[in-house]
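Colleague: The annotation domain 'SAM-dependent methyltransferase TRM5/TYW2-type' is assigned in TrEMBL to 208-479. Annotation comment: TrEMBL describes His297, Asp335, Leu336, Asp363, Gly364, Asn396 as S-adenosyl-L-methionine binding site. The feature region 'Disordered' is assigned by TrEMBL to 491-511.
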Amino acid sequence: MHLIRRDPTAGSRRTLWRFGYSARLLKTNHSRTAASNTSFPAVWMLLAQHPGRIPGLSAVAQKASFCTMRETVEDNADPELYSPHPEVRGMTLLNREAFKRTVVVPVLKVKKEIVHTLMKSLKHAVLRRPGLKRVIEDPGDEGSKLVILDPHKVPEFSLGQAEQEVLKQLNIPPEVSRYNLELTYENFKSEEILRAVLPEGQDVASGFSRVGHIAHFNLRDHQLPYRHLIGQVIIDKNPGITCVVNKTSIIDSTYRNFEMEVLAGESNLVTKVKENNISYDLDFAKVYWNPRLSTEHGRIVELLKPGDVLFDVFAGIGPFAIPAAKKKCVVFANDLNPESYKWLLHNCKLNKVDNKIKAFNLDGRDFLLGPVREELSKALALEKEEQKPAVHIVMNLPASALEFLDVFRHLLVGEPCSAAVLPTVHCYGFSKHENPAKEIQERAEASLGASLDGRCSTYLVRNVAPNKEMLCISFQVPADVLYKRPCPAEEKPASKRLRTNKDFTEEKLAS
Ligand SMILES: C[S@@+](CC[C@H](N)C(=O)[O-])C[C@H]1O[C@@H](n2cnc3c(N)ncnc32)[C@H](O)[C@@H]1O
């Protein structure tokens, strides 16, 4: 989001103010470009015209010949263009009219015929604000227009050398006038509006996730009294967003969705999203969807080759499964949430891969012990080594997927397959540990009952919260774990005491 930038010329203006130029500024209507002694930012003028609004300003105006400007007034000077009327502070019901304020800006009077040419040459100096016309009618002259300049680019109403040169070439008098410009709600950005409304010095709610037509917030306590206003501002300022929701509980339900309150707009939470060029429909109130996982979905799908087999144990609405099927993989996708399963089937049809994906609505453990075991046995029992497909098993349920890994212990019986075709697991986990990769590996080892030293890689997916990371550990399930009979070809790693799930539970309780 946009951040308010400080004007680099503020320091020099401060000095000039101290030397008493304010009186001249208040009287002057025009300033020649060469007249650098009318050296004040236009936006200050209005403050001086309405001194009652700024404590201390009237005293300053009276002592115009020499004074020290209060720091607070100086700080107010620059951002006027970027801050709505101060009276909106604390507003909880959106009143768009109250945001109006008038600022004084520099304008150039230009003959109608050459406005276009001038705009091209002077575009960097022209005022840009959302929804603001940069060229307006000249009320006093039908044959001319007024071009609104940015007071920060034309400080103190004084055009720089380059601008003067442009004007000279176009035969335009280098005369900058002051113009009372009314800024309205439409001319402010959402962050500027929220910064003006919410308590001073506290975080404004500017960051949200977008899921189709829905903006999804996770508001803090101090922002809650303003939540409906925040919702409306976000709808007003973001084309395409027609519904704003706030998370009202932490994400701990079985199905990884969360309770939410509609703050503004329509209550329809069925939406359409596009990720890595694939469209999905979903009901945001009932299924899990996180737009921050698109890179990770893409990363895993990138590892797959046509003909590979993918088992997606916690598939959601299909962001691994559907692109994999599109890539001509054989896909088995599962989710326990009946709503996710329903949308998974819907999205398979939507993307015309319903004949390439077999979908299940089972607990992950039952899926692994049932369909996965059956299909794995078949695939790995194929006679010729080269017929055996590469098998990937994705387990994206970071809060608990690592605890499902014990299912792989002796999942298959018989003669172990060659190491090359052992299935590869991509299992996700959260960690708050100072060495998250080490901790995730230890937890995976505890579940599997085998060391993964030198046989796994961990990938940092994203930072979920301060000190909380989401990781993906990938490894081929060791043959001596997967098969009931130990594989003689596989060398046992140097013995080390593996921590068990019980150890982790006890550690958690102790801390
Ligand atoms: C973090 S989401 C991941 C969804 C999807 N793979 C993605 O990347 O967007 C985890 C999914 O696991 C499902 N789930 C939760 N517990 C489950 C379980 N015991 N067995 C199967 N699925 C489960 C939830 O319904 C949810 O859709």
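Residue numbering: from 1, along the chain as shown.
In case you wondered, yes, glycine gets a Cβ from its N, Cα and C as well.
The model shown is predicted, which means the values in this text are computed figures rather than measured ones.
I would like each feature placed in context: is it buried or exposed, what are its neighbours, and how far apart are things?
Modeller: Taken as a whole, the domain 'SAM-dependent methyltransferase TRM5/TYW2-type' (208-479) shows an average pLDDT of 94 in this prediction.
DSSP gives Gly364 (S-adenosyl-L-methionine binding site) a helix state. Gly364 (S-adenosyl-L-methionine binding site) is surrounded by 21 other CB atoms, counting those within 10 A of its CB over all protein chains shown.
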Colleague: If you pair up every Cα among His297, Asp335, Leu336, Asp363, Gly364, Asn396, the residues annotated as binding S-adenosyl-L-methionine, what's the maximum separation in angstrom, rounded to an integer?
Modeller: 22
Colleague: Let me know how many other Cβ atoms fall within 10 Å of the Cβ of Asn396 (S-adenosyl-L-methionine binding site).
Modeller: 25
